[in-house]
Amino acid sequence: MVRVELQAASLMNGSSAAEEPQDALVGGDACGGRRPPSVLGVRLAVPEWEVAVTAVSLSLIILITIVGNVLVVLSVFTYKPLRIVQNFFIVSLAVADLTVAVLVMPFNVAYSLIQRWVFGIVVCKMWLTCDVLCCTASILNLCAIALDRYWAITDPINYAQKRTLRRVLAMIAGVWLLSGVISSPPLIGWNDWPMEFNDTTPCQLTEEQGYVIYSSLGSFFIPLFIMTIVYVEIFIATKRRLRERAKASKLNSAMKQQMAAQAVPSSVPSHDQESVSSETNHNELPPPPAPPSKEKRRKTKKKSKKKEQAAEEGRFLAPAMVAEDSVTDNSVSVGPVARNHLAEDGYTCTTTTTTTTTTTAVTDSPRSRTASQKGSTAPPTPVQPKSIPVYQFIEEKQRISLSKERRAARTLGIIMGVFVVCWLPFFLMYVIVPFCNPSCKPSPKLVNFITWLGYINSALNPIIYTIFNLDFRRAFKKLLHFKT
């Protein structure tokens, strides 16, 4: 409550003192009384500089909250990759946060600056009810998102069949229905609001102890407990999957080394990406490749010309692939897998057989970009084929998956950290104040700061839940007409 104290003003002769009402100072007096700050004729309770800083700061928070949550809603309904059932939880969360920004925050800004409620008792009751409703819906939507992620991770096959549009909409309806059940009791009498209401009566949440316990449990402490258990389980499952994928990555590396050892003889230095091999045993040599058809040679020649043009412009560098050995009456051929990759990229393989030496060369243009070597003493040229072997592809996919799992674990920590930092101070204050004596009550500025700390969670939610999602980032850029 803002108490307007009457100030004693000294008379010119000093014989007596008279009290002047605060209204007399609004227009100033003959003795040079200072005019209190006002906006549009409404007296303010704080200095003008504080009014400006507070108004700009809080208005910026409101603007960020509105823009961010509107972008989330539009992204889900306009960007096709985001039109999936689980994203309706994000839409429900965005709607709750949007109502906080539109229906709750502006009245709090005015109340913070004026320090009096000038909108009447009906608007006061509706504002407080809307405050509890929307903030509770925002928190319960966070809880629903946590449960959805938990079921999707711990039971992915069964939950994928259960996660239907009807089920998701039913969960969202339950969130809003439960929020209404928690926020509505003060409207039907469970409150300690005064019977008479004027502009000096504070518009504040009821401090009726029974309702405070009831609403704080339903709005925060029970959802916090559920989210903590769920995210701990998700974190444990994520760490377990990280360990499993790390083991799979090590196994894949061992398989890669084994395959490389089998593909390259001991007399020839092995390379992870080498695709050419030769053996001295006639029985172990693969049969020479069949000569390509005229049509295939024509297409290969055409592709080779394109590769050569690119090379001349400095945009392409053909890999040299050479493997040789001294054998008698044997032909050395490129393995079938490597040959297929080379044919796709426009390379041609030529094999020359003599009685003393075998030369295998790979050319990438009609100008005979050929690397060859005769004799068995020269070391082979390292091979760098353009195509990626299967085991390298699997290893790359596992590496990407490990990176995603680590980011997911880090995201869980950010979600819980932001939620607790924003809302825990408010609900601790909300529960403690009704049970303590007047001397332990916090100052109005501290109350306002803690309240807005909770509101800020509505501005951060669209950032947290979308900044780590590539599809949402693309949708935002598309909506804002940013070039990607």
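Glycine is treated like the rest: Cβ placed from N, Cα and C.
These numbers come from a predicted model, not from an experiment.
What Swiss-Prot lists as topological domain 'Extracellular' is 1-54 (among others), and the listing cites sequence analysis.
The N-linked glycosylation site annotation in Swiss-Prot covers Asn13 (among others) and is backed by sequence analysis.
Residue counts for the topological domain 'Cytoplasmic' (78-87) under DSSP (helix as H, G, I; strand as E, B; rest coil) come to 5 helix, 0 strand, 5 coil. Positions annotated as topological domain 'Cytoplasmic' by Swiss-Prot, on the basis of sequence analysis: 78-87 (among others).
Residue counts for the topological domain 'Extracellular' (110-126) under DSSP, helix first, then strand, then coil, are 11 helix, 0 strand, 6 coil. Among the features that Swiss-Prot reports, topological domain 'Extracellular' is placed at 110-126 (among others).
Positions annotated as topological domain 'Cytoplasmic' by Swiss-Prot, on the basis of sequence analysis: 148-167 (among others). Long-range contacts of the topological domain 'Cytoplasmic' (148-167) within the same chain: residues 85-86, 88-89, 230, 233-234, 237-238, each at least 6 residues beyond the stretch ends and with a Cβ under 8 Å from a Cβ of the stretch.
Outside the topological domain 'Extracellular' (191-215) by six or more residues, the chain places 1-4, 111, 116-121, 124-125, 127-128, 131-132, 136, 182-183, 185, 430-431, 433-435 with a CB less than 8 A from a CB of the stretch. Feature annotation from Swiss-Prot assigns topological domain 'Extracellular' to 191-215 (among others); the stated evidence is sequence analysis.
Feature annotation from Swiss-Prot assigns N-linked glycosylation site to Asn198 (among others); the stated evidence is sequence analysis. Just so you know, the Cβ of Asn198 (N-linked glycosylation site) picks up 11 other Cβ atoms within 10 Å once every protein chain is counted. Annotation note: Asn198 (N-linked glycosylation site) sits in a coil segment as assigned by DSSP.
If you look up Swiss-Prot, you'll see 238-411 (among others) marked as topological domain 'Cytoplasmic', on the strength of sequence analysis.
Positions annotated as compositional bias 'Polar residues' by Swiss-Prot: 253-280 (among others).
According to Swiss-Prot, the compositional bias 'Basic residues' annotation covers 295-306.
Taken from Swiss-Prot, the feature compositional bias 'Polar residues' applies to 361-378 (among others).
Long-range contacts of the topological domain 'Extracellular' (434-448) within the same chain, counting only residues at least 6 positions beyond its ends with a Cβ under 8 Å from a Cβ of the stretch, are 108, 112, 115, 207-209, 212. Taken from Swiss-Prot, the feature topological domain 'Extracellular' applies to 434-448 (among others), supported by sequence analysis.
Only residues 6 or more beyond the boundaries of the topological domain 'Cytoplasmic' (471-484), in the same chain, are considered here, and those with a CB under 8 A from a CB of the stretch are 71-72, 74-75, 78-79, 81-82, 465. The feature topological domain 'Cytoplasmic' is assigned by Swiss-Prot to 471-484 (among others), with sequence analysis given as support.
In terms of DSSP helix, strand and coil, the topological domain 'Cytoplasmic' (148-167) has 17 helix, 0 strand, 3 coil. For the topological domain 'Extracellular' (1-54), the mean pLDDT of the prediction comes to 50. Taken through DSSP, the topological domain 'Extracellular' (434-448) splits into 10 helix, 0 strand, 5 coil.
Nonlocal intrachain contacts for the topological domain 'Cytoplasmic' (78-87), taken as residues 6+ away from its ends with a CB within less than 8 angstroms of a stretch CB, comprise 148, 152, 163-165, 168, 471-472, 474-475, 478-479.
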